[in-house]
Amino acid sequence: MPVGAVIEFSSITKTFGSVTAVDRLSFTVEPGRVTGFLGPNGAGKTTTLRMLLGLVAPTSGTATIGGIRYRDLPRPLQTVGAALEAASFHPGRTARNHLAVYATAAGLPAARIDAVLHTVGLGAHGSQRVGGYSLGMRQRLGLAFTLLGDPGVLVLDEPINGLDPEGIKWIRGFLRSMADEGRTVLVSSHLLSEVQQSVDDVIIIAGGALVHRGTLSSLETEAAPRILVDSPDRPALAAALGRAGIEFSVGRTGLLAAAPDAALIGHIAFSAGVELSALHRERKGLEDAFLALVNETGTGTGNSSTERGESR
Amino acid sequence: MTSFSRAIGAEFAKLGTTRMWWVLAAVMFGYIALLAGGLAALFAGIESGVISPDAAGTGSQGLAGFGSLPPLIYSFASSVGYVFPVLLGALSTTGEFRHQTLTPTFLANPRRAQVLGAKTVTLFVVGAFFGVVALLASVGVGALVINAFDVDPLLADSATWALFGRTVLAMAVWSTIGVGLGVLVPSQVASIVIVLAFTQFVEPLLRFASLFTEVTQGIGNYLPGAASDALVGASFFTLAAPGGSPAAMLEWWQGGLVLLAYAVAATVIGNAVSWKRDVT
């Protein structure tokens, strides 16, 4: 079983001319967990991942896998599997031959080719030229390349783009199982909702700089500090909350209580003998928090305004 | 296996898994066979008296000033065919840029100079194979036609076989020049246009123009096509010399070194210009 390694970015910076695409970014990615690498389009996610993989040279700072730069890895494909956004295939080559080229370069047995094609569900299409593949099939072939060396570290750039609902469900389960096996899984996305079901940790960047790092649940608490609670007898509920010293406002679907968790509100209502008809964290939560995080840093810094301008 | 030999294996796999190599080889074979066969018939006809020199427009001199006919016809393999290995070499590098396969290539082997070295070695071997195919066309068809006019095809002559060997070497080096050009000019369209314009138009004109004075003739000898002809040791081009006297060429080994210098220069500069750049 391949073992995961810690990915570490240390003050990594990339400037293209006068534009700072990635600005002194530092964070680590732990094995055994799925880490979401989030940010709007143009935030510098792809550049950061390409620096990790030795494809783009950082202006300063370092990115390492298990303490080693990608270019110095003795067996790169067996250590790190990467699927990058751009479809990198020669259209005239079959999927099997595409993989065979890189299996040869990495010294991997030919048996791995059919094994990974089978894993990603392309077993029946291996002899087809890639030029005739759909976007979803290309994404799967990209994943097959990722798995070729059975690596302990997976780096996936926007893997959900272009997948059909069945494919999305499949990849979520796939990411989970990879992390459960102890591998390091780093997945980028510009949509939190796309990955929130499968990630444990989140790294959020905007304008090339880190704006949030932590577990998904910590983001949730930060994002939506209010609990929505409702009762058939609203005045009684309001009175009970008032007695307990909980601030609240009246919303369209109930009372919005400024409390850290729903259990406390439930307890108050129970003690006061008030029947509840709703009790949950305010729903707008996560995505809004994400947008708030990436927007507040974007305006004013100016260093990446051109970049994000294009992507909008 | 070392990572370099694996890299060479991967480069062979890249070439072998697309149709480009055999399409180019087939077109090259047909092109050379046609020219070698046609001109062999014309010149052998003149030499054997079947076609009168006056009818051929070469005057009463005939072919006396041009040395023997068979090597001239056989050398079409490289003097006409060299554009094909150059194209193959250029496509092998520009294709990586065009199809963005540099990403998986450098992921599988992040030692980029090693990848470029493996490509050069691979294309050298495949270029030599193209040389063999080109000779099959020029000698296979040419010797048959020459023989049909009762002119000695010189196939028992060791000098002829030495010419074959130098032809294969020239084609191999041309292929690596293509690799160098491809990294120097990563745009596939631009690369193809440069290869075709330079080999089919610009260089022939320059070589012809250079023949008018002794000074420019000395410089013209260092043009890649002239160096290649010097390496091979015979060239149809010398027939076109103004005044009818064949131009003095470099020694064969000098021509080989000049050709090799072009390959090395293009590859080394291209490595710095495009190969080491960020892959985005």
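From the backbone N, Cα and C atoms, a Cβ is placed for every residue, glycine too.
Positions annotated as transmembrane segment by TrEMBL: B:21-46, B:72-91, B:121-149, B:169-198, B:252-273.
Scored on C-beta pairs under 8 angstroms, the neighbour of the transmembrane segment (B:121-149) with the top count among B:21-46, B:72-91, B:169-198, B:252-273 is B:21-46. For the transmembrane segment (B:169-198), the partner stretch with the most Cβ pairs below 8 Å, chosen from B:21-46, B:72-91, B:252-273, is B:72-91. Beyond the transmembrane segment (B:21-46), the same-chain residues lying 6 or more positions past its ends with a Cβ under 8 Å from any Cβ of the stretch are 15, 52-53, 56, 58, 62-63, 69, 72-74, 76-77, 80-81, 84, 87-88, 126, 129-130, 133-134, 136-142, 144-146, 148-149, 151, 236.
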